[in-house]
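Comments concern the structure below.
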């Protein structure tokens, strides 16, 4: 009888213990949700989400470098074998007619590599406007979903057309994820010092993804097959998408109608300061974009390099890139008015390093100029990306989708031309002339950054903003705000008397105004 009583008591306590555990779980989930929504902690989580998205995009961009040429060559050999088996009576002279010429094969690979940047280049003007209209979280989530679809397509693609589709889909996803991610960082980190630090961290993840992806993809492709690296990246992308959905809650029913209206992208493009920054981003990335598709063949012909040396060509350059980001962030924190100078130093580094690449005789020597190129790119990117956000803050409205779409367009111009144009330049002019031309272009462009010398001295001004936008204040609200600004400039402040009428009285002390408060 006693065991039966104990059993009944246990049966009675089971629902109570289950309810207690559920209550504890609910309480912990609520505490976790409150902790996530805490502003400082949320900023860090958002930075992690964006950095993982940028890491994934650049790993997927570069992971195909050791995989796709070999895979396509295998498909071509299999097709040739099937063709020769189907027509055994064909003589050896005729059998060579159907084989793809080597030049045509290289062109196919170049077009495949460039398709991502080309589509991203075409979509970016639209994605920047879309981000300005709906905010940063929905485009980021859309971009992660498209990148997930692209990665799965890469994993199961079995012909050139499907690979081309996967690469193009990736460009579409990158146009949303990259631009909205960088813009989200600029929006959340409003102080110039912390914005530079956050963007520097994001650039370090971009560099790590680009440089670690080729050995990562090559090793997994060799020992686990083509699908393995893409499936791993797809799982990481899915996890980042779930985290984005949980933390940012892009489809929550919050009010979006009170968002400030961003400046049209075409008006930002004709701004002389933004145009100088965009030009610098294009020129400084050309050496990296043009060397990636051409340096492997040059190393084979001139250095007789092994496969592992070619695969590890860019990996050591990750460390000077991170060092360049770190130094620029530290210098910008102490001397923020010299951002233009850091960018100019970076371009000189890139130019000098690019010119010395053809003089290298072995793998060890080649590492020095390649590290110099990545070190210089780190200086330029880390100095100029925060400058774009600052220019929008002081000259326009603090909405960052379109301005960072322009930055993304600048990168895409270099990386769209690289796989297609670089090989032809090497064929017509030579590898030495290519590097000398790229180095000279960087050195000659560096003085143009002098135009940015006085950017940090700019202050937000409604009159300047309205002049640039070619329209005056629209509506009663803008007119009242401008009148209040004029009164404050004359030393007056607003008070409300007992009848509810707003009047202006002399201020006893000057109130500090935030640099971007009028635009928020």
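Glycine is no exception: its Cβ is also placed from the backbone N, Cα and C atoms.
Heads up, TrEMBL stuff is auto-annotated, nobody curated it.
Sequence annotations record features per position, and here TrEMBL assigns compositional bias 'Polar residues' to 9-23.
Feature annotation from TrEMBL assigns domain 'Major facilitator superfamily (MFS) profile' to 46-520.
Residues or ranges marked as region 'Disordered' by TrEMBL: 1-25.
Taken from TrEMBL, the feature transmembrane segment applies to 45-68 (among others).
As annotated by TrEMBL, transmembrane segment applies to 138-157 (among others).
Cβ atoms under 8 Å from those of the transmembrane segment (198-216) belong to residues 47, 50-52, 54-63, 65-66, 181-182, 185-186, 188-189, 229, 311-312, 314-315, 317-318, 321-322, 325-326, 328-329, 374, 378, 381-382, 385-386 of the same chain, restricted to positions at least 6 beyond its ends. Positions annotated as transmembrane segment by TrEMBL: 198-216 (among others).
Under the heading transmembrane segment, TrEMBL lists 228-248 (among others).
Remote same-chain partners of the transmembrane segment (268-290), defined as residues 6 or more beyond its termini with a Cβ less than 8 Å from a stretch Cβ, comprise 343, 346-347, 350, 353-354, 373-374, 376-377, 380-381, 384, 387-388, 391-392, 395-396, 402-403, 406-407, 409-411, 413-415, 417-418, 421-422, 425, 434-435, 438-439, 441-442, 445, 448-449, 451-452, 455, 468. Annotation source TrEMBL lists transmembrane segment at 268-290 (among others).
Distant neighbours of the transmembrane segment (310-329): 66, 196-197, 200-201, 203-204, 207-208, 210-212, 214-215, 218, 292, 295-296, 299-300, 342, 346, 366-367, 370-379, 381-383; these residues of the same chain sit at least 6 beyond its ends, with a Cβ under 8 Å from one of its Cβ atoms. Look at TrEMBL and you will find 310-329 (among others) tagged as transmembrane segment.
Long-range contacts of the transmembrane segment (341-360) within its own chain (CB-CB distance under 8 A, at least 6 residues past either end) are made by residues 280, 283-284, 287, 291, 295, 303, 324, 328, 331-332, 366, 368-373, 375-380, 382-384, 387, 431-432, 435-436, 438-443, 445-447, 449-450, 452. What TrEMBL records for 341-360 (among others) is transmembrane segment.
The annotation transmembrane segment is assigned in TrEMBL to 366-391 (among others).
The transmembrane segment annotation in TrEMBL covers 403-426 (among others).
The feature transmembrane segment is assigned by TrEMBL to 432-452 (among others). Panel annotation: around the transmembrane segment (432-452), residues 272-273, 276-277, 279-280, 283-284, 286-287, 290-291, 294, 339-341, 343-344, 347-348, 350-355, 357-358, 376, 387, 422, 425-426 of the same chain, lying at least six beyond its termini, place a Cβ under 8 Å from a Cβ of the stretch.
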Can you work out the mean pLDDT of the predicted model over the domain 'Major facilitator superfamily (MFS) profile' (46-520)? 80
Same-chain residues at least 6 beyond the ends of the transmembrane segment (138-157) with CB under 8 Å of its CB atoms are 49-50, 53, 56-57, 60, 64, 127, 130-131, 163, 165-167, 169-170, 172-181, 184, 226-227, 230-231, 233-234, 237-238, 240-241, 244-245, 248, 250-251, 401
